[in-house]
Amino acid sequence: MVVRAEKIVPATEQYDEELDANIKKYLRGESANLEALQDKKLKGQLAVKEELYKRSAKTAANVEKWLLPSEGGFLEPDGIEKTWRIKQEAIGKEVDILSLKNQFDMVLPDLGPYKLDFTPSGRYMAIAGRKGHLGVLDVKNMNLIKEFQVRETVRDVVFLHNELYFAAAQKKYPYIYNIDGVELHCLKVKKSDFSADEHGAVSKLQFLRNHFLLASINKFGQLRYQDVTMGTMIANYRTGLGRTDVMQANPYNGIIALGHSNGSSTMWKPTSPNPIVKMLCHHGPLTALAFHPNGHLMATAGMERKIKLWDLRKFEVLQTMPGHAKSLEFSQRGLLAASTGSFVQVFKETAGSQNYSRYMSHSMAKGYQIQEVSFRPYEDVLGIGHSMGWSSILIPGSGEPNFDSWVANPFETSKQRREKEVRSLLEKLPPESIMLDPKKIGTVKPPKKKDKPTRKEREEEMEAAVEAAKGKKLKNKTKGRNKDGKRAKKKQEIVANAKKQFIGQNMKENEELSKKKRKRIGEGAELPKSLQRFAKKKAD
């Protein structure tokens, strides 16, 4: 018997691919290149910060691996079984009582269709009926907090920085209400501020939580950004592409994307009057648009019955799926929900390949026209707003199983909410921080190459150098070396040396220009017919 001795590797030295992937997830982009810095003090301070970032990312990755209590689970088919054939009734029979409470239908046929919005913690839901019904619900305890009737058309609703305030896009203006249904603000624009004397009939609202900006698009195609902390209008731009109600904010960088009737999608930031990105997505009008939580994947739907997935790092199509969608929504775990008519489909990514396939499907009662779908954060629940009220169905694996109480806490107390509100106001980001690649913020700007001076600037420099040379005082020499002739000759030499550097640069530039000219003439430019006989013939 032969015994083979193997080297025992300590557990601390074993390479863990899962841990390494988690560390990359928590790192704040690529580390800055500190070699280009000349300031040693700044270089040392930035090196210490980079080391702290790495240590915090490693700690967060270890916490995720060893201390998080729950794991997300998906439906797993057995044999040739298909997950999209499993009905909600079958799922309801297998889940616990608390999860079963999330399956319900609220029928209000006289006030729909309904729009929905959830808070980041997933505990509260705002509802808006087209015919003026507004309300706030605690969906965790299934309690109605407040409902009221505004007696005019409501097109959209969105929560602000917490559940105490929400904005509603009504017939003529957007309004801001508190959780008790008290009207706090009617958002109008004065003539002294902009040429338009009113905010306009807003069709879609989005709230940027990190910047405290309320973005809206009205029926005239005007995009507005309003700061809800100070009440000032940050930006007011005409898109020039007509009316649209397709609008979505990218959670990764705060960019607002609009879908237009000519099949194009434009991306905006408040500091630019023109779209920073304009891409043709479909050959017909866009009907829906959604962003993946990581910000690098965008889904669009068009009237030509196609759903496309785009990689925003390359602006290329990754996948095209057949189907029509009036509403699109990504979940926290990357599931894509698409609704059309009274039918909802949910697509799932297959093994990290960014190829989506059908995962689940659900049909509403005949005649229900779905207006909007919205995933509830930290729960495997999909909210559906339709013409007859709103519904809630179970989508296993859609929500993040573990919440971070510093980001979104479903169980936060009033004291924690106040502290979080103050902290978020202190950490409020300026509108200038909204950009396509937010990783650029905080990095070291590379040094610019020195621009070549123009001929006029060189002539001015040469004249200044000549004047400085003429004004230079000569030392008194010994007897016989201090004559006027010798002093004049010495001054001429100093002036010639001052001119020498600039004359040499001019000669080099003239030589380069003449070489380029000869090369250009020899390559493609043909001589006139009268001069072609003098051209040198190429040897065969």
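Heads up, the Cβ atoms here are built off N, Cα and C, so glycines get one too.
Quick caveat, the model's predicted, so the values are computed rather than measured.
The feature repeat 'WD' is assigned by TrEMBL to 279-320. The annotation domain 'BING4 C-terminal' is assigned in TrEMBL to 358-438. As annotated by TrEMBL, region 'Disordered' applies to 437-540. According to TrEMBL, the feature compositional bias 'Basic residues' maps to 471-490.
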Secondary structure content of the domain 'BING4 C-terminal' (358-438), with strand meaning DSSP E or B: 17 helix, 25 strand, 39 coil
Per-region confidence, the repeat 'WD' (279-320) (mean pLDDT, whole number): 93
Within the repeat 'WD' (279-320), residues counted as helix, strand or coil by DSSP: 0 helix, 25 strand, 17 coil
